[in-house]
């Protein structure tokens with residue numbers, strides 16, 4: 001569709017130069033936007049939406065990114081916190097797509113052609129491929145993160161609605177401009193139907209929004225208790241006695257850890273199947289780096305340092321570096337035995353919850369690792385009530401021999417003959433839980449792993465009893481959810497947002513109509529003047 005030359009101001013020409021990389025003024029025959037240019041504009045808009053969606057996904061995934069770091073370490077053997085690099089790359093993609101889209105919209109308003117340069121086209125295709133690869137990888141390797149996104153919408157949907165209403169008001173400018181330039185009735189009606197169909201969906205979206213943080217303040221449940229995930233891993237090396245003490249200082253009530261059984265039958269604290277991430281096994285036993293953690297004897301495990309790695313690698317981005325006494329204490333940490341942990345926890349008035357890792361098949365205690373661990377707990381002479389027993393293996397025997405221990409059940413079930421009193425589930429299961437009904441049945445719910453204030457606030461509003469976290473010092477400082485609004489207030493916000501957006505839409509279309517009439521009148525006057533000049537010269 002041919003277009004008039006439009007404004008020839010320096011500003012418009014600069015915009016055109018940035019978009020098309022043509023620094024010379026376009027000849028009159030090129031002052032038009034072809035169908036191919038329109039297709040590339042559509043791809044640009046799609047790329048912007050994809051990159052913006054990926055940014056949102058990335059911000060949500062920051063809560064679980066430590067698992068991604070550990071996954072890559074197990075694959076590559078090199079530790080790196082990918083949080084900063086991840087955010088930087090996504091931010092660059094969104095910034096580039098946003099600037100290019102703004103240039104295109106401004107050029108459209110200035111009636112300049114949308115001749116996208118080949119370099120921009122290649123970069124847009126690369127961004128689309130990169131985002132698509134990220135989404136496919138997420139679906140293959142971490143499908144549970146789709147459930148994380150579903151949970152996040154309960155916290156962000158009210159604000160996304162406001163942002164969408166503002167975005168559609170801005171998008172109305174080029175839509176109205178295009179509408180008044182189209183002369184055929186069919187395409188004009190189709191454009192209006194598509195645009196206002198999207199507007200209607202956005203305006204009515206709050207009808208589908210359900211968030212536990214939309215409630216009366218008087219109905220806010222008590223703040224969830226804190227469970228230290230492997231202790232306080234942002235303040236001390238994970239699964240160490242120092243981490244246990246830092247957990248108590250954070251105000252947490254439970255220390256969550258991982259237990260393995262050594263080759264000579266001593267239960268000890270360790271999460272990974274190999275010792276290379278959290279100990280100096282490479283320097284002490286260089287030929288056994290890939291050996292299973294349970295294949296080491298307790299005498300060998302006591303020779304390992306379990307704290308120096310924490311000072312060298314800084315496993316969590318944003319965590320403050322240790323200094324002074326804390327640094328010296330971290331440097332001297334060793335692999336603790338379960339018996340040591342129980343005695344220290346009893347002195348600190350902390351409860352213990354642990355996962356029990358099955359040893360390899362050729363292990364001496366492959367069939368009896370549960371009994372070996374239970375014997376250690378019973379011989380420690382600590383109150384049984386301070387132990388939360390999580391493993392499902394041989395649970396009936398454990399209940400019979402240690403009836404005072406609190407049995408906590410996970411997603412995989414457990415004892416079918418007894419109603420559970422404690423549930424330990426991933427936070428992604430929140431939409432599947434009826435917290436109020438569980439509380440009526442005297443069932444306590446702990447969700448893991450919760451590191452970000454937005455997620456903690458959401459679970460607080462939902463009435464969760466406790467959360468397992470890596471960042472107990474941050475969550476301890478929270479005195480109130482990040483946001484909490486009453487249903488009446490949210491209704492007012494919804495109505496005001498839609499009304500303001502509607503007025504902006506109407507104003508935009510009326511203003512664009514006025515501009516079109518003004519341009520038409522100016523063009524008619526110019527044509528009359530040129531005709532008179534031409535007639536005068538012919539005389």
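We count from 1, first residue shown onward.
Glycine too: its Cβ is placed from the backbone N, Cα and C atoms.
A simple way to gauge crowding: the CB of residue 258 (divalent metal cation binding site) has 17 other CB atoms within 10 angstroms, across all the protein chains here. The feature divalent metal cation binding site is assigned by Swiss-Prot to 256, 258, 271, with sequence analysis given as support.
Residues or ranges marked as N-linked glycosylation site by Swiss-Prot on the basis of sequence analysis: 442. When secondary structure is read from DSSP and collapsed to three states, residue 442 (N-linked glycosylation site) falls in the coil class.
In the predicted model, the topological domain 'Cytoplasmic' (1-38) has a mean pLDDT of 64. The topological domain 'Cytoplasmic' annotation in Swiss-Prot covers 1-38 (among others) and rests on sequence analysis.
Taking DSSP states H, G and I as helix and E and B as strand, the topological domain 'Cytoplasmic' (107-121) has 7 helix, 0 strand, 8 coil. Per Swiss-Prot, the feature topological domain 'Cytoplasmic' maps to 107-121 (among others).
What Swiss-Prot records for 176-188 (among others) is topological domain 'Cytoplasmic', and it gives sequence analysis as the kind of evidence. Sequence-remote contacts of a segment are chain residues at least 6 beyond its ends whose Cβ falls under 8 Å from one of its Cβ atoms, and for the topological domain 'Cytoplasmic' (176-188) they are 1, 3, 108-109, 508-509, 511-513, 516.
According to Swiss-Prot, the topological domain 'Cytoplasmic' annotation covers 512-539 (among others).
Long-range Cβ contacts of the transmembrane segment (39-59) within its own chain (Cβ-Cβ under 8 Å, at least 6 residues beyond either end) map to 86-87, 90-91, 93-94, 97-98, 100-101, 104, 114, 116, 121, 124, 127-128, 131-132, 134-135, 138, 145, 149, 156. As annotated by Swiss-Prot, transmembrane segment applies to 39-59 (among others), with the evidence given as sequence analysis.
The transmembrane segment annotation in Swiss-Prot covers 86-106 (among others). Outside the transmembrane segment (86-106) by six or more residues, the chain places 15, 18-19, 41, 44-45, 47-48, 51-52, 54-55, 58, 61-62, 65, 114, 116, 120, 123-124, 127, 130-131, 173-174 with a CB less than 8 A from a CB of the stretch.
If you look up Swiss-Prot, you'll see 122-142 (among others) marked as transmembrane segment.
Counting residues 6+ beyond its ends, the transmembrane segment (155-175) has Cβ neighbours under 8 Å at 56, 105, 108-109, 191, 195, 198-199, 202-203, 205-206, 209, 211, 213-214, 454-455, 457-458, 485, 490, 493-494, 497-498, 500-501, 504-505, 508-509, 512 in the same chain. The transmembrane segment annotation in Swiss-Prot covers 155-175 (among others) and rests on sequence analysis.
Feature annotation from Swiss-Prot assigns transmembrane segment to 189-209 (among others); the stated evidence is sequence analysis. Counting same-chain residues at least six beyond the ends of the transmembrane segment (189-209), those with a Cβ under 8 angstroms from any Cβ of the stretch are 157-158, 161, 164-165, 168, 171-172, 175, 178-179, 182, 490, 494, 498, 501-502, 505.
Annotation source Swiss-Prot lists transmembrane segment at 491-511 (among others), citing sequence analysis. Within its own chain, the transmembrane segment (491-511) is flanked in space by residues 158, 161-162, 165-166, 168-169, 172-173, 176, 179, 199, 203, 206, 485, which lie at least six positions past its ends and keep a Cβ under 8 Å from the stretch.
Residue 256 (divalent metal cation binding site) falls within a strand segment according to DSSP. Here the candidates are the binding-site residues 256, 258, 271. The one whose C-alpha lies nearest to that of residue 442 (N-linked glycosylation site) is 256.
Summarised by DSSP class, the composition of the topological domain 'Cytoplasmic' (176-188) is 10 helix, 0 strand, 3 coil. Under a cutoff of 8 A between CB atoms, and with a sequence separation of 6+ in the same chain, the neighbours of residue 271 (divalent metal cation binding site) are 230, 238, 239, 258, 278. In sequence order, 227, 228, 229, 230, 353, 354, 448, 468 constitute the residues six or more apart from residue 256 (divalent metal cation binding site) in its chain with CB-CB distances below 8 Å.
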